[in-house]
Amino acid sequence: MTRSIAVGLGERAYEVRVGENLLDEAGRHLRPFLKRGRTAVVSDETVWRLHGARLEAALKTAGVEVHPVLVPPGEQSKSFAGLADVTDRLLGLELDRGDLVTAFGGGVVGDLAGFAAAIYKRGIDFIQIPTTLLAQVDSSVGGKTAIDTPRGKNLVGAFHQPRLVLADLSVLDTLPVREMRAGYAEVIKYGLLGDRGFFEWLEANGAKVLAREPEALTHAVARSVEMKAEIVAEDEREQGRRALLNLGHTFAHALEAETGYGEALLHGEAVGVGQALAFRFSAALDLCAGQDAERATRAIAAAGLPVRLSETPGHPFDADRLVAHMAQDKKAEAGRLTFILARGLGSAFTAKDVEAQAVRRFLVAEGARP
C-alpha cells in the first residue's frame with residue numbers, strides 16, 4: 001500500500017509517496033509534471049548500475065525521453081566542480097523550463113541535482129526519487145539543496161522545493177547495511193526531537209526497521225516523513241521550529257569537516273554520534289536527566305552507530321578544531337554557538353548563546369584533545 005503525505009506549502013505544495021515498487025510506475029507519477037516529455041535524470045554511477053534500467057524502462061513506457069546525467073558516488077561530487085559539471089551537461093541537453101530534472105540517488109545526488117535545478121535558467125522543476133533510507137526520511141523532503149566547500153558542509157545552496165518525492169522502499173534492498181544504519185540515525189532523530197512515542201516504538205522495533213521488514217520499514221519512513229512535512233509546512237525557511245531538525249548536526253558537521261566529508265565517516269554516522277553528544281551535553285548542562293541521555297545513547301548504539309568520540313573514525317579529535325568548525329556552522333550567529341539541545345526524550349529546543357568554552361570543556365571530557 002502506498003502512503004501519501006502532503007507537504008503543505010500553498011502553491012508549492014507537493015506529495016511524498018511512500019511504498020513498494022513505485023519505480024515501476026515512475027512514468028505515471030512523473031507524467032503530470034512534464035510539459036515536453038523530457039527529463040534529465042541525475043544519478044550516481046552505482047545507483048544507475050543497480051536501478052537505472054528499471055527507472056528508464058518505466059519512464060520510456062510512459063513516453064518520457066530520458067537523459068542520464070551520471071556523477072561519481074560519494075560526497076566529493078557535492079562540490080563546486082560537481083555542480084559545474086552537472087549544470088554544464090544540463091545546458092548541453094538544452095533543457096528548458098518545460099522539462100524536468102529528476103534526482104535519482106541518495107542525499108548527495110538530491111542536494112546536487114536540486115541545487116543545479118534551482119540555478120539552471122533561474123530555476124527548473126525537479127523531482128526526488130531517493131534511494132537511501134537517509135534521503136527518503138530527510139534530505140529529499142523540504143527543499144534544502146546545497147554543496148560543500150572546504151570551509152564546511154552545505155554552506156552554498158538554495159531552498160528549492162521538489163514537485164514530487166517518490167520513496168520506493170524496494171530499492172533499499174540493495175542498500176549496504178552501513179548505509180541503512182546511517183539512515184536510521186535520521187529516523188530516530190524524529191523521535192528524539194519531538195515524538196517520544198515514536199522513539200519508544202523504535203526502541204522496540206528498530207531491529208525490524210534495520211532488517212527491512214516491510215511493515216516496520218513503511219511505518220518508520222512514513223512517520224519520519226510526516227514529522228518532516230509538518231515542520232517544513234510550518235517553517236519552510238528555518239526561522240524557528242525547522243531548526244530542531246538539526247538535532248546532533250552541529251557536532252556532526254564538525255566531525256565531518258575533520259574527517260574530510262569522505263567515506264571514513266558517513267553523514268548518518270556523524271549524526272548518530274552527534275545526537276548522542278547533544279543529549280549528553282544537555283545532561284551536562286542540567287537541561288535534561290542523565291537517564292534520558294543514556295537511554296538516547298543506548299538506542300543509537302543499538303543500531304550499530306557510533307555514540308562516542310572514541311568510536312568515531314578520525315579519533316582522536318582536537319577540541320579547539322571542532323569548536324572552530326562549529327563557529328562556521330550556518331546556525332552560528334555573530335560568533336555565538338547555536339545548538340539543538342534537549343529537555344528530555346522527544347523534547348528538543350534551540351539554545352542560542354552557548355559558550356564556546358562550555359562546548360570545549362564538554363568535548364575534552366568526552367575524550368577530545370585539549
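Just so it is clear, glycine is given a Cβ too, placed from its N, Cα and C backbone atoms.
Taken from Swiss-Prot, the feature NAD(+) binding site applies to GLY107, VAL108, VAL109, GLY110, ASP111, THR131, THR132, LYS144, LYS153, supported by sequence analysis. Taken from Swiss-Prot, the feature Zn(2+) binding site applies to GLU186, HIS249, HIS267.
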Taking the Cα atoms as reference points, how far is HIS267 (Zn(2+) binding site) from GLY107 (NAD(+) binding site) in Å?
9
Taking the Cβ of THR132 (NAD(+) binding site) as reference, which residues of that chain separated by at least 6 in sequence fall under 8 Å from it?
GLY105, GLY106, GLY107, LEU172, LEU175, GLU179, ALA182, GLY183
Taking the Cα atoms as reference points, how far is HIS249 (Zn(2+) binding site) from LYS153 (NAD(+) binding site) in Å?
10
How many Å separate the Cα atoms of LYS153 (NAD(+) binding site) and GLU186 (Zn(2+) binding site)?
17
Give me the Cα-Cα distance between VAL109 (NAD(+) binding site) and GLU186 (Zn(2+) binding site), rounded to a whole Å.
17
Near-site residues: Zn(2+), ref GLU186, HIS249, HIS267, CB cutoff 8 A to centroid
LEU134, ASP138, ALA185, LYS189, GLY248, ALA252, GLY268, ALA270, VAL271, GLY274
Going along the chain, which residues six or more apart from GLU186 (Zn(2+) binding site) have their CB under 8 A from its CB?
LEU133, LEU134, VAL137, ASP138, SER224, GLY268, VAL271
Let me check the 10 A CB neighbour count of HIS267 (Zn(2+) binding site). How many other CB atoms are there?
25
Could you list the residues of the same chain, at least six apart in sequence, whose Cβ is under 8 A from the Cβ of ASP111 (NAD(+) binding site)?
LYS78, SER139, LYS144, THR145, ALA146, ILE147, ASN154, GLY157
Once the DSSP letters are reduced so that anything not helix or strand counts as coil, what is HIS249 (Zn(2+) binding site)?
helix
If you draw a 10 Å sphere around the Cβ of VAL109 (NAD(+) binding site), how many other Cβ atoms fall inside it, taking every protein chain shown into account?
33
